[in-house]
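Engineer: Pulled these features from TrEMBL for this protein:
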type: DOMAIN; residues: A:36-107; note: domain 'ATP synthase F1 complex delta/epsilon subunit N-terminal'
type: DOMAIN; residues: A:122-162; note: domain 'F1F0-ATP synthase subunit delta C-terminal'
Amino acid sequence: MNTFRIARTALRVRPATVRAPLQRRGYAEAVSDKIKLSLALPHQSVYKSTDVVQVNIPAESGEMGVLANHVPSIEQLKPGLVEVIEESGGSKQFFLSGGFAIVQPNSELSINAVEGYPLEDFSAEAVRSQIAEAQKIASGSGSEQDIAEAKIELEVLESLQAALK
Amino acid sequence: MAFAWKASGLTYNKYLSVAARTVRRSLKDDKRLAAERRGDMELRFAKWTNGKQGENKSLADANAASMAEAGSQSSS
């Protein structure tokens with residue numbers, strides 16, 4: 001009985017010792033200071049599991065910067081500016097209309113939004129004229145829903161105007 | 001977290017669509033024309049009862065009506 005047990009443990013031990021050198025090599029490769037970013041819109045994926053250094057996101061709970069090995073979390077995004085610092089050192093800025101950012105345990109960050117464009121695609125002129133229009137509706141005598149919509153528009157436009165400066 | 005639009009009966013989906021519409025309208029002209037088509041929605045629906053098709057309604061109008069109802073309930 002006893003010898004049988006020893007034989008079984010010996011069987012179990014051997015594959016592990018054979019695999020050990022391989023595991024060590026894998027560990028050295030796995031250490032990375034980059035975070036894999038996926039930035040997806042319903043009609044386009046801007047980043048697809050791309051290695052980046054840092055991503056700054058406008059969460060409802062406050063602005064946050066996400067680096068590699070960040071604590072896993074799910075954040076609701078405000079309409080605002082997402083800044084991506086790429087491997088080459090350059091940074092790109094996108095204005096997103098609001099959505100969710102999910103930090104996954106294995107240094108992966110997924111950002112989902114309805115609309116998102118690089119900052120240079122926006123027209124300051126269009127933002128200004130829309131702010132004037134939305135303010136008129138927000139302080140007017142429309143239905144409660146129209147006023148709420150105008151206030152959402154103002155939130156987006158003011159964030160956009162601050163980003164464009 | 002309390003959101004002002006929630007008190008008016010608006011859903012999160014509606015909030016997102018309004019925010020996205022605003023972003024699309026703020027683009028430079030060439031990009032805006034291509035993007036604004038994405039905001040169009042013309043879904044219609046009808047309720048069937050006893051094998052007969054009911055009234056054909058626009059989904060956007062029905063959603064607006066239900067949100068107005070939700071808003072008046074929460075404020076009263």
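Using N, Cα and C of the backbone, Cβ positions are placed for all residues, glycine too.
Keep in mind that this is a model prediction, so the values were computed, not measured.
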Engineer: Go ahead and report the DSSP secondary structure tallies for the domain 'ATP synthase F1 complex delta/epsilon subunit N-terminal' (A:36-107): helix first, then strand, then coil.
Structural biologist: 0 helix, 51 strand, 21 coil
Engineer: Per DSSP, what is the helix/strand/coil residue tally across the domain 'F1F0-ATP synthase subunit delta C-terminal' (A:122-162)?
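Structural biologist: Across the domain 'F1F0-ATP synthase subunit delta C-terminal' (A:122-162), the residues distribute as 34 helix, 1 strand, 6 coil.
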Engineer: Under an 8 Å Cβ to Cβ limit, what residues of the same chain, 6 or more beyond the ends of the domain 'F1F0-ATP synthase subunit delta C-terminal' (A:122-162), are close to it?
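Structural biologist: That would be 58, 78-81, 95, 97-98.
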Engineer: Please give the average pLDDT for the domain 'ATP synthase F1 complex delta/epsilon subunit N-terminal' (A:36-107) in this predicted model.
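Structural biologist: Overall, the domain 'ATP synthase F1 complex delta/epsilon subunit N-terminal' (A:36-107) comes to a mean pLDDT of 93.
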